[in-house]
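According to Swiss-Prot, the features are:
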- 1-73: region 'Domain I, interacts with DnaA modulators' (REGION)
- 73-102: region 'Domain II' (REGION)
- 103-323: region 'Domain III, AAA+ region' (REGION)
- Gly147, Gly149, Lys150, Thr151: ATP binding site (BINDING)
- 324-445: region 'Domain IV, binds dsDNA' (REGION)
Amino acid sequence: MSPNSTLWQTILQDLEKLYNEETYNELFLPVTSTFKDQNGLLTMVVANEFLKNRINKLYIAKINELATKYSSTPVRLKFVSQEEVIEEPVADRKLTIDYRQGNLNSTYTFDSFVVGKSNMFAFRMAMKVADHPGAVANPFYIFGDVGLGKTHLMQAIGNYILDNDVEKRILYVKADNFIEDFVSLLSRNKNKTEEFNAKYKDIDVILVDDIQIMANASKTQMEFFKLFDYLYLNNKQIVITSDKPASQLTNIMPRLTTRFEAGLSVDIQIPELEHRISILKRKTATLDANLEVSEDILTFIASQFAANIREMEGALIRLISYAQTFNLEITMNVVEEALGAVLKTKKKTNDLNENNYDKIQSIVADYFQVSLPDLIGKKRHAKFTLPRHIAMYLIKLKYNIPYKTIGSLFNDRDHSTVLSACEKVERDMRMDSNLKFAVDSIVKK
């Protein structure tokens, strides 16, 4: 990773703490790493003009403050849209790939992946793909919410293949890095597509993480489409991850999404409590902390972080580090001391109090004069579906919890159903003033 990319990753860590999850995921996480460093000016790429203007207007001062804090030399950042970058000349940069390591994290293996009901099918199919790359499921498309193990499972495929065939050429690449490589090579000389294609085509297995980041990057999508077809026709294994099903991807060209759907799609769901406890036990063992963490404490931590395994493991690491630093036995009092700030922030930004969900459901039901059971239930008459969709939308808007979690509040509806409902309400509000008035009125209650 380049020094500029490292700087941005460090800034990202602070931005995640400073702003709510929705702002972080929508504005900052998809930003492509810098492609130019000129006299201390780092240029960052975002998907479109709207995101560029929003960041430059509302957040650039804080971002540059953090850049100054973490950089050893004077530096400032500016944000440009994807289309601006294509037209702006930059210095040449050779694209190099280390196939021996494939950009893989060696700790992401099948053995270290904790299997449960929520990821069993995805795990078993991943192992089949690793055993027979290019032959069983191609492309292999893994989707699910943030922090549930998609990257781990994807890289486990790569590590397994490398362990069993050192001659295999494997590449793991995040979608934003793919965009950065494309932009850097083509911004001066648009005829360099041959060099770009040659580097990426010379592989046996490609692992592309967070494909949704390519949204709106039309030129990059076209190049990826060409690469996809070449690899597929030559029986090279393609593995892709995303935060949503291929059919729900927005601003990704249909010719790509239909190809994603033509392979095998598997989802990783939110793990049940027992599964989360098992994950924590495995993590505790790998930390080799020589500290006993009781079942009750593991259960408490698991119950507080239902939707994001990465956050849950981070909380455990923080707890153990705190106990080691002050030479403490891990008790509930120590848990409160070590994780108090984390849990308080989590409650503030992502309140998981079910009664508050009930309150939104009740207010919406009263407004539309339908019963709560009908609002939550499966009746499909418009009298019930509209308020049901609005209730889903408002819960997502206020608490920003995973779509799967919202679905569990409405008779166990699935991720895609809730996502579709929320997008429909948001879309229809732009065209229907009566609907917007109704939603605004409910919000004021």
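The backbone N, Cα and C atoms fix where each Cβ goes, glycine too.
For Thr151 (ATP binding site), other Cβ atoms within 10 Å of its Cβ number 19.
In sequence order, Gly144, Val146, Leu148, His152, Leu153, Thr241, Ile268, Ile309, Arg310 are the residues of the same chain, not among Gly147, Gly149, Lys150, Thr151, whose CB sits within 8 A of the CB centroid for the ATP site.
In the shown protein chains, 24 other C-beta atoms lie within 10 A of the C-beta of Lys150 (ATP binding site). Around the Cβ of Gly149 (ATP binding site), 24 further Cβ atoms fall within 10 Å across all displayed protein chains.
According to its DSSP assignment, Gly149 (ATP binding site) is coil.
Mean pLDDT across the region 'Domain IV, binds dsDNA' (324-445) comes to 84 in this model.
Mapped onto DSSP classes, the region 'Domain I, interacts with DnaA modulators' (1-73) shows 45 helix, 13 strand, 15 coil.
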